[in-house]
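Chemist: This is the structure, below, for whatever I ask next.
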Ligand code: NAD
Ligand code: MG
């Protein structure tokens, strides 16, 4: 049976991996919508290649370029954030939420409100919206399939079990490219050093998040919302080989783990085929070649991000959205050469301390918290 698929953030790393799998089974998939921020030419190329029905650029200024690039085809072109939400609200059998940052929240919520199935890579959306998103999932009868490799692993390890029997959920973390660096060296880490991930090839923002460990902090909050076991049962272990993508320990002492190559097409395929399985071209695990799997406790002195995330979960309310927004601003400033690597966590900690809006009750509240925290973080970037 053919299924329709829409990919929000089609020009990114997750978008490319998803389209790679979709293109391998053209009988199975009909591409409905593809979106990008402002890469109009690349989006038009993908839309033509995959025979999409509609292409959307979030940046309205790029719409003329998209229209021109799609001239002569019957692919609909649209632009602007409202168009992104409108196209998400049309629904698809599967919507892949692969925009980076809180910018993906509104279209993801619109897809959830169709009651459809959403494959969620866009962790910042769930971190920011938290209960607002999980309540919408329940209210509209939507299905959320985690694409983030750790959460996809946990999802697989929970299948067929009762969540009440879970003793621990252990998120594994590679530790990122700067895992062994001293504090003094971290101070001077450049953007190029921070994005040079040893195991995964990803977009710039998540690569910096891996280096600071904010990626694991965001994932801790993401896991808290996806798997209702309570934050006390969630823990993080550093596992530099990225072979075990996460684990679930049950009360009888059994631990189930999901292993696989460090290739996002594996968790994406799991969401595309769910509840069945599909073929992927991913290299099989060669355990003798890998040799050893090692595990370490996270160092929250050098990498305070996971502690900040845990504190934000415990504080609840707006805190996770504040943490996420401040981190987005700080990461962009770091990538632009405006601040040092170690200032990212300092800015997030400071904004978390100063910015305490009331708990968001709806999508508009979350977006308001997000912009408030962004303004506070941006103000910290200005020279004193
Ligand atoms: P990326 O930077 O490679 O791609 C981001 C996509 O979002 C692009 O299509 C871009 O055009 C679009 N976009 C960016 N800003 C936008 C805006 N303001 N409005 C609308 N669209 C916008 O990012 P990525 O690495 O593919 O990551 C996407 C999401 O998936 C992130 O939330 C990330 O944390 C998550 N994720 C990624 C990986 C990975 O391996 N890349 C793994 C796990 C989770
Ligand atoms: Mg992950």
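Each residue, glycine too, has its Cβ placed from N, Cα and C.
These figures come from a predicted structure and were not determined experimentally.
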Chemist: Suppose a student reads TrEMBL and sees 11, 12, 13, 14, 122, 124 listed for NADPH. Which of 176, 203, 217, 230 should they find annotated at that same site?
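Modeler: So, going by the record in TrEMBL, that would be 203.
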Chemist: Which single residue out of 174, 182 does TrEMBL record at the 1-deoxy-D-xylulose 5-phosphate site shared with 123, 149, 150, 197, 210, 215, 216, 219?
Modeler: 174
Chemist: I'd like to verify something. Among the binding-site residues 14, 148, 150, which ones have a C-beta closer than 6 angstroms to some atom of ligand 1?
Modeler: 14, 148
Chemist: Using a 10 Å cut-off between Cα atoms, which of these binding-site residues sit near residue 148 (Mn(2+) binding site): 11, 12, 122, 123, 219?
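Modeler: Correct set: 122, 123, 219.
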Chemist: Are any of 11, 13, 14, 203 (the binding-site residues) within 10 Å of residue 219 (1-deoxy-D-xylulose 5-phosphate binding site) when you go C-alpha to C-alpha, and if so which?
Modeler: none
Chemist: For the domain '1-deoxy-D-xylulose 5-phosphate reductoisomerase C-terminal' (144-227), would you mind checking the mean pLDDT of the predicted model?
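Modeler: Reported value for the domain '1-deoxy-D-xylulose 5-phosphate reductoisomerase C-terminal' (144-227) is a mean pLDDT of 96.
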Chemist: Count the Cβ atoms, other than its own, that fall within 10 Å of the Cβ of residue 14 (NADPH binding site), considering every protein chain shown.
Modeler: 28
Chemist: Which secondary structure state does DSSP assign to residue 13 (NADPH binding site), in the simple three-class scheme?
Modeler: helix
Chemist: Going through the binding-site residues 11, 122, 124, 197, 203 in sequence order, which have a CB under 6 Å from an atom of ligand 2?
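Modeler: Among 11, 122, 124, 197, 203, near ligand 2: none.
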